[in-house]
Amino acid sequence: MASQHLSQSILLQEIDDIPYPDENSKYYWIIRRVNRTKWENIAFASIQLWFVSMVVDASVYQNMPEVIALAVINMICAILGGVQIIQSKKTEDMILDASVYHLRMVFYLAIAVTTLLGIFSCIFFYISYMVVREVGWVTYKKIGPDMRIQRLYTVFQMFVLILKIDIFVEFLVSCFYVTQFATDNGGFQWETWIELIITVLILPMLYFAREAVALEKRWWMASFITFQVIAMLGFILMIYQTTEPNNLWYTYIVVISMIFALQTIVLASWTMFNFGKGLKPYIQRGSDKRNYPTQQHQLEPDEKSALNKNNADAWQIDDD
């Protein structure tokens, strides 16, 4: 679909009387619309790649909020596919005296993709329901019956989830912005340089935030929250540059990124407030788990032996 939009853009530029990107050219706004939609297609494909990696991650780390969020995101993708069909048809109707073969191909491809996404989202929604039941039991075995720790762990899972979502709504959106506007404007302007610096720092800061939680470092988390505020200012700058009449899809995406950045700040503050309340042993990864044993692993050897003996006696079958 992106290649078809690119071909349509090239075709319109070839038949236009005034070279693009002169605003007086006949197809100036249509070409910009087609070019934007091309980037939308690339972003949509990136979402699916990111989605697959998130599914694997949710299965490995058994993150129940992540499974639920993925089911919702997949449903939203199917809805956005329908919106893309409408947008493609509107763009096609705007061109009256040139070939629209490539846009017609996009229209049919969008219908096929949206149909497949709708079917897959229904299947994935059912699978997610079954997985959530199993993951809930696994989490209970990991945390135990302590409701206070379970609430703290839920907040932690939500924070980790939003960090993973930020990989797309912050990092990839910023990458598309920097790439597209540097290309359209013929080079980097001061706004693009600011956004480039923010983009380069996003992934390291997301990893930095995960380590801050594991180590319960308050000033690390405070630094991450400060960076998120700066990122929100960068998104405001994006909105200023991306807003165009009758073509607000990129503006909507940036607004969604701002909403998630704000939610990240809220969850980061909430998680930092929970530092020192006993959750640390349950959120370690790899070899660090040995350094922070949970309550289930803190039983004395004699207690473990007694527990094993009682279990053996309970399951013993008498032959008498």
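Each residue, glycine too, has its Cβ placed from N, Cα and C.
Just so you know, TrEMBL annotations are computer predictions that nobody has curated.
Under the heading transmembrane segment, TrEMBL lists 67-86, 106-132, 152-180, 192-209, 221-243, 249-275. Taken from TrEMBL, the feature region 'Disordered' covers 287-320.
In summary, the transmembrane segment (106-132) does not lie against the transmembrane segment (152-180): fewer than three C-beta pairs, each 6 or more positions apart in sequence, are under 8 Å. If one looks beyond the transmembrane segment (67-86) by at least 6 residues along the same chain, the residues whose Cβ comes under 8 Å of a Cβ in the stretch are 37, 40, 44, 47-48, 51, 54-55, 58, 107, 110-111, 113-114, 117-118, 120-121, 124-125, 128-129, 131-132, 135, 161, 165.
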